[in-house]
Amino acid sequence: MKRQHDKKQNPWLALMIGNSRLHWAKFNGAKLVEAWDIEHFGAGDERLASGEWKKIPLYVASVVPSEMIFWQNFPNVKIINRDQIPLKGIYSSLGIDRALAVLGAGATSGWPILVIDGGTALTLTGADEQRQLIGGAIFPGLKLQIKSLAQGTAALPEIPLPSQLPPRWALDTKSAIQSGIIYTVMAGIVNYMQAWWREFPKGQIVLTGGDRTLLFSYLESLFPDIAKKVKVDPHLIFWGIRDLVMSH
Ligand SMILES: Nc1ncnc2c1ncn2[C@@H]1O[C@H](COP(=O)(O)OP(=O)(O)OP(=O)(O)O)[C@@H](O)[C@H]1O
Ligand SMILES: CC(C)(CO)[C@@H](O)C(=O)NCCC(=O)O
Ligand SMILES: [K+]
């Protein structure tokens, strides 16, 4: 990527196309001035229609290949792909969101780093001090688990996620679904965290993604000592994009 802005304060935009939403950020140089999410649909953000925004460099990364086709033809767009990410051992189908989040987390919290991204899919992605990808895991996110139960059964409704940890032993359907999903997800995540710290005792762990706040509040209720050692940062992917943009 060629450096487009010699002046440190020049504005630029970042767009991460996720499976549920578009995640936008506006930067002035290294400073993030605004971040927002919008629902998916072709053209994206009406603000881009304004002449001023069309002149600003826009860095786009996507985990939805079909969405990329639209943005490729946009003026001033630079597509971010895997070969630009300075991590070792990346496999050819690794999600660009996972690679960027690990890069951004390492750049802001240090290495080794484990990112837990509570998005449409819940992913864990680790990298060591040499910025070598250790690997990770993918499973359905909280919302997707709820939806799949509702879609695959006759009697189960699509229920909301509680903001606080629900009781474990449920006596109604809604609470039973909440309990089942939340306690198994938290047990699974904590199991990965402990395995991570066994291998990397000084390794950092950062939570991100649309469900980060919920996941963190469940973690605080269930495992307060673990929660103290875990950070929450909504902008890891943007820090990863910033790392690429500013270092070129
Ligand atoms: N306003 C919202 N709209 C949609 N999902 C939301 C919203 N607020 C929180 N969420 C939660 O965010 C999760 C989706 O996360 P996110 O928006 O990071 O997904 P995404 O766009 O697919 O990104 P990623 O590709 O990182 O998974 C869902 O499980 C949902 O519970
Ligand atoms: C797992 C998701 C969907 C998470 O957004 C994305 O990172 C992706 O499409 N990844 C490709 C598969 C992989 O990372 O191994
Ligand atoms: K798919």
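Just so it is clear, glycine is given a Cβ too, placed from its N, Cα and C backbone atoms.
Quantities reported herein were computed from a predicted structural model and do not represent experimental measurements.
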ATP binding, same site as Met16, Ile17, Gly18, Asn19, Ser20, Arg21, Leu22, His23 - TrEMBL member from Thr108, Thr120: Thr120
Cα within 10 Å of Ile96 (substrate binding site) - qualifying binding-site residues among Met16, Ser20, Leu22, Asp117: Met16
Ser20, Thr120, Thr173 as binding-site residues, winner by CB count within 10 A: Thr120
Spatial separation of Leu22 (ATP binding site) from Gly95 (substrate binding site) - C-alpha basis, Å: 15
Shortest C-alpha distance to Gly18 (ATP binding site) - which of the recorded positions Tyr91, Asp97, Arg98: Asp97
Of Ser20, Leu22, Gly95, Asp97, Arg98, recorded positions neighbouring ligand 2, Cβ under 6 A: Gly95, Asp97, Arg98
